[in-house]
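Asks: Just dropping this structure here.
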Amino acid sequence: MTKGFLVSYIFIKLAIKNMLNLITNQQMRQADTYTCQHLNIESVELMEQAAKAFVELFIKYSLSDKEISIVAGKGNNGGDGLAIARLLHEKGYKHIKVYILEKFNSASKDFSINLEKLQTLNIPIVYCYSLHDLPSTFDVVVDAVLGSGFNRALDSFFAAVFRHINESSNFIVSVDVPSGCPADTFDIESYDGIHAHLTICFQRPKLFFTLPESHKVTDDFKTVSIGLCEDYLQSIPSDYFWIDKGYVTALLPCRKKFSHKGSYGHVLVYSGTKTMRGASLLASKAAVKMGAGRTTLLTDAEFFPFANVFLPELMTADIGRLNDLNFDKFSAIAIGPGLGISETSREHVLRLLKLKNPLVLDADALNVLSKEDLSGHPHLVITPHMNEFDRLFGKHKTWYERLQSAKSFAQENGIVIVLKNQYTFICTPQGKVFINSTGNPAMAQGGMGDVLTGCITALLARGLKPEEAAVAGCYIHGFTADLLAEQHEVVSPSLLTDNLSKAISLLKSGPHNIN
Ligand SMILES: NC(=O)C1=CN([C@@H]2O[C@H](COP(=O)(O)OP(=O)(O)OC[C@H]3O[C@@H](n4cnc5c(N)ncnc54)[C@H](OP(=O)(O)O)[C@@H]3O)[C@@H](O)[C@H]2O)[C@@H](O)CC1
Ligand SMILES: [K+]
C-alpha cells in the first residue's frame, strides 16, 4: 500500500465511522443512560444540555417579541420544556407562559427538579386538568408533552389537546419529536398527535422524518447535538446512515498534477427519442461538469451538429452503426433519459446489461424492464422515482414498505438502488441505506433526474464504486441546488448543471455561497 493510498484509506474509514447512524428511540434512551454513567453526570445535567442546545437554535428564529407557550407533559420531554422556559427567560424573552398537562400518572424526577427551579422565577405556570385551561389561540407553541417515551394510543384528552394546538397556533416547535409521533412504528394511518412546523431533534434525525408520510407530523426538522457519547452512538448497529458533507468530500477523487483526460474516465450517454433528446443532453452536460474526462453521446448522425453546438465538449457516436462501437473504451454508461418505451429500447438496455461496464439505468430504461432483468450485473445503479419503482417491484402501501423492498432487493441482487425522494434513499448491496440530506423543492422540474443520472455516471467513470458514486452524486446534486435556492425561486436542471463544478469546489473548501 502506498503512503498516499494509505492516508486516503484511513480518511475514508474515519469519515464512514463519523457518519450519523440513525437509531431507534429505544437505542437513544440506552445512549442517554450510557452517557450519564460514562461521563459520571446526573441525567438532569443531560437535560440541561439538551435544553441549551434547543434554545441555541430556537433563538435564531427571532421570536423574542412573540408570546411563547410552553406546553409540557410530566416525563422528561416535559422536563426539557420547563428547562427551555427557564433558559429563554434568562435570554430576556418576556412573554413566556408554561402550561403543564396534569393527566399523567406520575412525574419524572428530572421534571420535578426543573419544576422547582421554574417556580422560583416570574413565569406564569398554568396546571391544566381540562381543555378549558388552555387559551383559545396560541402564537408560538413549544411542544414538550411527549417525546421518545410515547408508548400507547392517545386517549381523548391528549387527542383533543393536540387537535386544539394544531388548529389554533401560528407556529409550533416540537422538542425532540412532535408529541404522539410514531417515530419507531411508522404507523401514521389515523395520526392524532402534534403537527409541528419545526421539530428540533436531539442528536439524531429520526428515520421516520425522511419518509414522505411524515408531512403529517412535521414540516421541517433540524438536529442539535446534546452531548451524548458519540463513540457509543456510533457503535449501535444500524442499517441507516445520514449522509454528511465530510463523508462525501472524502469520497471525491482529487484532480492530480500530470493527470490528463484519460485519468478521469469516459462516459457514454445513450440519446433518447427524437422528441426527448434534451434529456440525454442534460445527462451528458452533467457528466462533463461533474468532471468526466470524456463524454460521448450516442445518437443519430443527423443530431451531431445540434449536440456539438449545445455542448462543444461532447463527442458523438452514431447509433446507426452500433455494431462498430467498441464498448470496452467506456468507463461508465448511462441509459434512460428520454429513451422512450419500445421494443428497440428494451433491446438496447438488455444489450448493456450483458456488458460489464458500470451502468446507470434511469427513467424509460427502467420502464422497459422487469425486476428479473436486474440481477447479475456487477456494477449496476438504478435510479427510480416512486412510480418507476412500484411498476418494477409492485405497489407499496407506505414508503417504509417501499424502502424495505428496495433495501432487500439491492442486497439480494448486488445492485445499488437510488430511490428518489425529498431525502433520497441509496440502498446498497451490503444492505445499508444511505439517506441524502441535500436537495429542496425548488428542484421539482422535469429534467432534474436526467442531471442526477449524468452526475452518478461521471463519478462511476472517475473510478468510484457504484454505492459511492450514487451517494456522492445525490449529495452534490442536492447541495448545488441548495446553494442556488438561496437566490432562485426555481432551480432549473440547466441552472443546476451550469453550477455543478463550482459547487464541488465550494463543497471541498467552503464558504458556501455560490455567488
Ligand atoms: N434520550 C436522550 O438522550 C435524552 C432525552 N431527553 C428527553 O427525554 C424524552 C424522553 O423522556 P421520557 O423517557 O421520560 O418520555 P416522555 O416522552 O417524556 O414520556 C413519558 C411520559 O409520557 C407518558 N405517556 C407515554 N405515552 C403516552 C400516551 N400515549 N398518552 C399519555 N401519556 C403517555 C408516560 O406515561 P407512563 O407510560 O409512565 O404511564 C410518561 O409519563 C426525550 O424525548 C427527550 O425530550 C433529554 O431530556 C435528555 C437526553
Ligand atoms: K414533544
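Each residue, glycine too, has its Cβ placed from N, Cα and C.
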Asks: Of the residues G394, G446, G447, G449, only one is listed by TrEMBL in the AMP site with K420, N421, Q422, Y423, T424. Which is it?
Replies: G449
Asks: With N77, S179 listed by TrEMBL as binding K(+), identify the candidate in D110, D139, D143, D155 belonging to that site.
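Replies: Candidate in the recorded K(+) site: D143.
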Asks: Anything from the binding-site residues N77, N151, S179, H385, G449 with its Cβ under 6 A from ligand 1? List those in sequence order.
Replies: N77, N151
Asks: Based on Cα distances to G449 (AMP binding site), point out the closest of the binding-site residues G79, S148, D176, H385.
Replies: H385
Asks: Within 8 Å of the Cβ centre of K420, N421, Q422, Y423, T424, G449, which other residues of the chain have their Cβ, at the recorded AMP site?
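Replies: Along the chain, the qualifying residues are H385, L419, F425, N436, G439, C474.
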Asks: Any same-chain residues 6+ apart from H385 ((6S)-NADPHX binding site) with CB under 8 Å of its CB? Would you list them in sequence order, or say none?
Replies: K420, G449
Asks: I'd like to know which of the binding-site residues listed (S179, K420, T424) lie near ligand 2, counting only a CB under 6 Å away.
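Replies: Result: S179.
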Asks: Taking the Cβ of D176 ((6S)-NADPHX binding site) as the reference point, list residues of the same chain whose Cβ is under 8 angstroms away and which are at least six residues distant in sequence.
Replies: A50, N77, D80, G147, S148, T199, I200, C201, F202
Asks: Taking the center of the Cβ atoms of N77, D143, S179 at the recorded K(+) site, which other residues in this chain have a Cβ no more than 8 Å from that point?
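Replies: Along the chain, the qualifying residues are V71, A72, G73, G78, G81, A144, V145, L146, G147, S174, V175, D176, V177, P178, G180, I194.
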